[in-house]
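Engineer: To start, I am sharing the structure in question, which I have written as structure tokens.
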There are 6 protein chains.
Amino acid sequence: MRPSKREPDEMRAVSFERGISKHAEGSCLVRFGDTHVLCTASLEERVPPWLRNSGKGWVTAEYGMLPRSTGDRMRREASSGKQGGRTLEIQRLIGRSLRAVIDLQALGERQITVDCDVIQADGGTRTAAITGGFIALSDCLSWMEARQMISRDKVLKDHVAAISCGISGGTPVLDLDYVEDSAAETDANFVMTGKGGIVEIQGTAESEPFSEEEFAALMGLARKGITRLVELQKLAIS
Amino acid sequence: MRPSKREPDEMRAVSFERGISKHAEGSCLVRFGDTHVLCTASLEERVPPWLRNSGKGWVTAEYGMLPRSTGDRMRREASSGKQGGRTLEIQRLIGRSLRAVIDLQALGERQITVDCDVIQADGGTRTAAITGGFIALSDCLSWMEARQMISRDKVLKDHVAAISCGISGGTPVLDLDYVEDSAAETDANFVMTGKGGIVEIQGTAESEPFSEEEFAALMGLARKGITRLVELQKLAIS
Amino acid sequence: MRPSKREPDEMRAVSFERGISKHAEGSCLVRFGDTHVLCTASLEERVPPWLRNSGKGWVTAEYGMLPRSTGDRMRREASSGKQGGRTLEIQRLIGRSLRAVIDLQALGERQITVDCDVIQADGGTRTAAITGGFIALSDCLSWMEARQMISRDKVLKDHVAAISCGISGGTPVLDLDYVEDSAAETDANFVMTGKGGIVEIQGTAESEPFSEEEFAALMGLARKGITRLVELQKLAIS
Amino acid sequence: MRPSKREPDEMRAVSFERGISKHAEGSCLVRFGDTHVLCTASLEERVPPWLRNSGKGWVTAEYGMLPRSTGDRMRREASSGKQGGRTLEIQRLIGRSLRAVIDLQALGERQITVDCDVIQADGGTRTAAITGGFIALSDCLSWMEARQMISRDKVLKDHVAAISCGISGGTPVLDLDYVEDSAAETDANFVMTGKGGIVEIQGTAESEPFSEEEFAALMGLARKGITRLVELQKLAIS
Amino acid sequence: MRPSKREPDEMRAVSFERGISKHAEGSCLVRFGDTHVLCTASLEERVPPWLRNSGKGWVTAEYGMLPRSTGDRMRREASSGKQGGRTLEIQRLIGRSLRAVIDLQALGERQITVDCDVIQADGGTRTAAITGGFIALSDCLSWMEARQMISRDKVLKDHVAAISCGISGGTPVLDLDYVEDSAAETDANFVMTGKGGIVEIQGTAESEPFSEEEFAALMGLARKGITRLVELQKLAIS
Amino acid sequence: MRPSKREPDEMRAVSFERGISKHAEGSCLVRFGDTHVLCTASLEERVPPWLRNSGKGWVTAEYGMLPRSTGDRMRREASSGKQGGRTLEIQRLIGRSLRAVIDLQALGERQITVDCDVIQADGGTRTAAITGGFIALSDCLSWMEARQMISRDKVLKDHVAAISCGISGGTPVLDLDYVEDSAAETDANFVMTGKGGIVEIQGTAESEPFSEEEFAALMGLARKGITRLVELQKLAIS
């Protein structure tokens with residue numbers, strides 16, 4: 001039995017609250033149970049130096065945790081003077097994942113920055129950030145289309161969403177919360193598109209190495225979960 | 001006529017949403033119109049080095065703005081590698097203001113950190129942070145009292161709240177929003193206690209120097225506004 | 001009786017030593033008793049990015065303390081890798097105060113940086129820096145006028161000076177030294193122009209909140225002190 | 001045909017040159033074709049704070065690239081003032097991979113730091129670093145056993161090695177060099193133990209999402225490559 | 001003919017103004033012509049970690065330039081976030097030079113920090129800093145002796161002073177000012193003790209390599225200059 | 001007798017291994033006994049800002065030590081966030097030394113960066129870096145000549161090499177290793193050209209001041225050593 005009483009293949013309640021920011025071109029407060037991430041998409045009419053005069057745009061992401069989003073207060077990264085390795089790793093992952101469904105040529109020479117700030121953490125913040133960041137990004141593209149800047153359907157090639165899986169007490173389970181995550185033998189994050197293509201896989205043995213069979217079980221759970229997340233995304237933006 | 005159609009002595013709608021964080025000992029999402037600040041109070045059983053073995057505790061504050069809390073996206077301070085002068089100035093002000101109503105001896109050798117993170121900015125973030133930070137701090141002290149750690153009434157000597165005033169188009173007005181703040185001739189922030197004592201005054205001439213009479217008018221508005229804010233605080237925590 | 005045997009409304013001996021630097025376009029060693037601040041004004045034919053092609057110039061300030069300007073040696077900020085919050089707060093105040101009497105349009109697209117370095121500290125370093133920084137700035141403008149770059153009287157609209165006041169042992173007093181400042185119940189800094197307009201007010205309750213009456217008494221003392229400082233400035237530059 | 005004329009399942013020439021450092025307790029220059037990484041293992045009689053008095057030791061890794069290890073000179077991270085996100089991500093991966101085969105309890109309260117410095121880069125530096133870092137770590141443990149500090153066989157539970165795979169021109173291939181890596185549609189890194197357990201999987205779609213079948217083909221290639229790498233490790237340290 | 005009309009072996013006017021700081025245990029404003037350096041010696045009852053419980057003390061130095069000590073304003077190192085290579089090199093030199101005449105055992109477990117801050121620069125700041133820093137250090141030791149902390153004569157083994165020499169227009173000259181220094185073919189700094197022992201030699205070819213004969217001429221000039229500086233030091237502290 | 005059994009005027013075995021890097025325009029692994037430094041020369045078609053449009057090029061150097069190049073592991077400078085004073089001092093010395101034999105006008109508006117990374121340290125790393133850096137630089141110039149970019153003989157005016165000397169146990173000795181260096185009374189580094197001109201002299205008294213006679217003995221040893229090093233350089237590049 002999982003600590004949260006969920007079935008092995010049962011995700012937490014997922015919700016998307018759009019338009020949460022007065023200023024951002026797209027925004028979404030995504031909740032995976034008690035994990036709450038505020039995602040905003042900001043459009044700028046400039047691109048990184050290596051894309052100037054290329055005709056191509058860029059989508060990037062930044063990630064942060066509020067100091068008391070966690071059980072114990074963490075030191076504020078702005079105060080410690082640098083972003084930690086985990087932060088940099090996660091924001092690189094979010095950026096790659098979102099770019100996987102964007103036609104940068106069709107976007108034109110503009111940059112969209114998706115900021116994912118964790119308001120409250122209970123495991124799975126990076127997967128919630130990707131899944132909710134997609135909504136903010138999609139709304140930003142709709143905002144642009146409404147201003148005749150782009151054709152949204154040409155820029156946005158597909159949906160993208162992410163979920164964590166793990167082996168906990170010997171059982172493969174979907175969408176780990178913090179308690180489960182801390183004790184899991186194996187932890188894996190999957191990022192997939194609406195059409196079912198795989199964008200990112202990250203699997204880590206936390207205690208003992210895992211087998212190909214175990215990994216296949218995790219992949220199956222992930223596919224199921226991401227299929228459901230994409231349905232929820234579609235409901236949210238329709 | 002003010003851009004917001006408010007009367008000169010009319011504040012924006014103010015609300016306090018308590019218990020917003022699962023983890024923090026006290027928390028509050030405070031709204032002054034479209035200015036939204038998430039305040040959490042975190043208790044730690046340690047004090048800064050200069051208070052060790054003094055029997056006294058400490059209350060401190062940190063302030064941050066989410067990158068897209070503003071009209072244009074700001075660079076994330078964690079990424080630029082340091083907190084700017086404005087951030088440091090504001091968090092020092094919040095800390096001094098909250099300490100003004102705390103008996104550090106009665107708190108005992110513990111530190112409470114009040115984090116004020118601006119989710120959405122529309123002028124007056126520092127005064128909203130002080131006013132809402134008080135609620136988070138008060139709830140933290142209630143949490144401690146419930147665990148027989150302190151007597152809340154001995155630690156918390158009074159209420160504290162803050163409001164901005166300014167001279168806009170020649171008229172003294174209360175609680176400036178961003179549009180008004182950007183164009184004001186004079187800008188002042190006042191921090192006062194529930195009993196009407198003054199904790200902090202900061203007045204700045206933005207274009208022309210101001211007179212004592214003008215400043216007295218601002219002080220009168222501020223007193224009115226803070227009296228109302230303290231009433232709202234009392235309603236919120238009762 | 002004050003520790004320095006001064007009357008409540010008596011300032012310390014104030015002096016301005018001009019032309020202290022061989023290199024700077026304007027310079028002044030200002031002394032408020034044992035508080036000594038070296039101020040230099042440096043002219044550069046460039047402006048910050050946000051003023052390029054605006055036709056307007058800029059005046060800014062930087063502040064620092066020599067490591068042993070204080071009773072105990074402080075860590076050198078260059079060595080600790082960042083300027084502290086107090087330093088940033090003070091240099092922002094100095095810059096705003098000096099800009100209050102400058103016509104940036106008449107200055108033209110140039111920047112003047114006023115560096116205020118505390119050689120010896122005994123309370124009131126920021127107010128001495130503003131008062132002496134004005135002399136350095138004024139001399140820089142004379143230097144420019146002598147080279148037909150500007151008309152000094154068009155750029156320099158008024159005098160500006162600053163003084164601290166406080167409530168010490170229940171009595172409002174003018175121009176606190178370090179001993180008094182450390183024990184004061186309330187501490188306030190005032191910046192005013194030669195014509196008596198108010199540029200900045202900063203008042204802080206160090207122990208108990210203060211009343212409007214007490215604040216009015218401090219303002220009265222400040223006005224008296226600044227009137228005298230402006231007379232001394234006029235003597236110095238005539 | 002691969003640019004290097006290798007078969008799809010053919011690794012580059014791999015060699016381990018042990019004892020390359022006079023000072024380190026264990027050291028190895030590992031070569032995967034033109035990718036050369038110098039790995040040293042340094043023993044220290046202290047552990048990170050969170051392990052003090054736990055009886056457990058720690059194995060960690062740091063990664064760096066010499067500025068001209070690459071085709072174009074990169075800026076030296078010591079000079080730019082921080083380690084980039086890629087560097088932090090890689091050294092966290094190396095550390096986790098090596099710890100997967102270490103019994104930290106049997107190591108006792110000591111830390112071994114494995115430094116992996118890329119002398120020359122031609123793709124696959126992180127997998128070479130893990131594979132060669134294992135040799136340095138193993139030699140460090142032998143050094144310790146020779147001094148009766150530990151029993152090497154109790155501390156070192158298994159071999160660990162890593163290899164990259166990718167889909168290049170539609171074909172799954174093993175051990176990508178820089179030319180192939182730059183153009184690959186999909187890139188994946190696998191870390192496995194001598195017994196065949198999986199320690200880490202990282203798969204990234206560089207252009208189009210990939211399918212489960214494609215990923216399974218990469219996993220098969222990786223297993224073949226790592227089996228061979230472990231044989232070579234065994235030859236090297238026997 | 002030298003730009004300053006001095007003879008080749010003629011130093012600039014040198015003066016020492018002692019007791020310039022109210023706070024420091026020893027202080028001296030040293031002037032070599034238009035080069036003015038403020039030196040303070042600060043005593044602390046602690047030593048660096050590597051000397052704890054060794055019974056030995058430490059003497060160290062820090063060096064800085066005020067931003068407008070130079071012809072063009074330099075960026076403040078506290079603001080740029082790090083001390084430059086030149087600064088670090090000079091303060092290491094000052095520290096080594098002063099330690100050369102101190103018996104660290106006789107000093108006991110205490111640290112003296114000599115801060116050398118350049119108020120105005122006109123060449124030769126490092127040699128002025130060493131020569132004036134000696135006076136501040138000596139006065140600090142007298143301060144300690146007056147409090148029965150040490151015996152000054154046991155701690156201070158000798159005088160130490162420094163001078164620059166160079167080859168300018170083919171002629172070896174003593175004590176270069178900025179104009180000469182900028183154009184010199186060779187530049188050398190010498191640090192010697194009162195008894196004539198050499199503590200440091202730094203010689204650099206600025207354009208063409210120099211010969212042993214040229215270097216010997218510089219050494220001869222330096223010896224003459226330092227002999228005179230030590231006489232002036234003795235006059236100053238007697 | 002020296003710890004290494006060498007005669008007082010006997011250098012360690014010196015070797016140059018050219019072409020060690022696949023990517024760099026020039027490269028050399030230089031060994032002075034157990035001191036091994038990897039030198040690469042990187043050509044870039046850009047110059048520092050102060051040389052733009054001057055027609056002149058630039059040669060600069062960077063220096064680093066691998067963390068375990070030393071007996072005890074040193075902290076990685078990339079991780080500590082800044083290069084230490086010793087590092088900056090050494091890389092400035094290497095850059096000055098190499099520029100002494102380059103005609104920057106004949107080089108044209110290009111920059112060559114010579115990276116010197118210490119793989120293994122046993123005393124004398126800076127002198128080895130200069131001596132080996134010369135080979136990398138020379139090979140880079142040959143590379144450029146082969147592409148008709150420059151005439152190597154016009155750019156490269158002479159050889160340059162460096163050696164350390166010291167007084168150890170009262171005896172002047174050549175080319176100190178780490179054991180000797182740690183205990184030497186006096187330590188000096190000499191940089192000279194192939195024609196015998198002196199480029200840099202750095203002499204430091206480590207315990208007692210030294211005399212002119214002692215220094216002359218060190219200079220004599222250095223001349224002998226550098227003459228030999230230049231012969232070895234000529235052999236290496238012929």
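Glycine too: its Cβ is placed from the backbone N, Cα and C atoms.
For C:10-140, C:160-225, the entry in TrEMBL reads domain 'Exoribonuclease phosphorolytic'. Per TrEMBL, the feature phosphate binding site maps to C:Arg86, C:Gly124, C:Thr125, C:Arg126.
For each listed feature, how buried is it and what is near it?
Structural biologist: As a summary of secondary structure, the domain 'Exoribonuclease phosphorolytic' (C:10-140) carries 42 helix, 41 strand, 48 coil according to DSSP.
C:Gly124 (phosphate binding site) is surrounded by 25 other CB atoms, counting those within 10 A of its CB over all protein chains shown.
In the predicted model, the domain 'Exoribonuclease phosphorolytic' (C:160-225) shows an average pLDDT of 96.
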Engineer: When the number of other CB atoms within 10 A of each residue's CB is tallied over all shown chains, which of the binding-site residues C:Arg86, C:Arg126 has the maximum?
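Structural biologist: Neighbour-count leader: C:Arg126.
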Engineer: Looking only at C:Arg86, C:Gly124, C:Thr125, C:Arg126, which the record lists for phosphate, tell me the maximum pairwise CA distance in angstrom.
Structural biologist: 13
Engineer: Can you name every residue in this chain, apart from C:Arg86, C:Gly124, C:Thr125, C:Arg126, with its Cβ inside 8 Å of the center of the Cβ atoms of the recorded phosphate site?
Structural biologist: C:Tyr63, C:Ile90, C:Val118, C:Ala121, C:Gly123, C:Thr127, C:Ala128, C:Ala129
Engineer: Restricting to the same chain and to sequence separations of six or more, state which residues have a Cβ under 8 Å from that of C:Thr125 (phosphate binding site).
Structural biologist: C:Thr35, C:Val37, C:Met65, C:Ile90, C:Val118
Engineer: With DSSP as the yardstick, break the domain 'Exoribonuclease phosphorolytic' (C:160-225) down into helix, strand and coil residue counts.
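Structural biologist: Taking each residue of the domain 'Exoribonuclease phosphorolytic' (C:160-225) in turn, the totals are 20 helix, 30 strand, 16 coil.
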